[in-house]
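Read the structure below first, then the notes.
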């Protein structure tokens, strides 16, 4: 691991994670290049901001669960290769029910150069401290559909409220939201705004 990067769980007490791209449970249907361990990595600045967000979430009865942080460029390249393969239907219903693979890039759900590769972006959700269950958000991680947008109008009231909780927590701790994905947040003051890293997560 390079320079000012760290495993988030080593710096943020109590945070939970499930690194989706290190598992078979993601839109490609298999572990992604560069994810050799089920851990979340980020810059130390990201970790500090997540620590503040975790404390704010706890005040509201929630905890944070991370799905992704730093993403090696080789993983993004893997996404691009996957998008060019024939459709096999294995993950389509769950992750991109109304578009084709190539459209993920056109519609802004996946990018050839990802902010994740700069080390200051996270995919995350809330869970209830009392039960440990994930908060309902009206759609899962990497559901590439308008229902995942922040301005989606068909999200049930309780789920929409949970999205607002997450957004307010993250905004208060220096993060910017992404219009197309309720789970995606980037630290406004990125340490490496123009650098895309490629070291593996191991």
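Yeah, the Cβs are placed from backbone N, Cα and C, and that goes for glycine too.
What you are looking at is a predicted structure, and each value in this text was computed from that prediction instead of being measured.
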**OP:** Out of 165, 184, which one does Swiss-Prot list together with 116, 123 for Zn(2+)?
**Re:** 184
Original post:
In the same chain, which residues outside the set 116, 123, 184 have their CB within 8 A of the centroid of the CB atoms that define the Zn(2+) site?
Top reply: 67, 68, 69, 71, 114, 115, 121, 122, 178, 181, 183, 185, 186
Original post:
When you put residue 71 (site 'Transition state stabilizer') at the centre and draw a 10 Å sphere around its Cα, which of the recorded positions 116, 123, 181 have their Cα inside it?
Top reply: 116
Subject >> residue 123 (Zn(2+) binding site) and residue 181 (active site, proton donor/acceptor), distance between Cα atoms, whole Å >> reply: 9
Original post:
Long-range same-chain neighbours of residue 116 (Zn(2+) binding site), Cβ under 8 Å, sequence gap at least 6?
Top reply: 68, 69, 70, 71, 76, 123
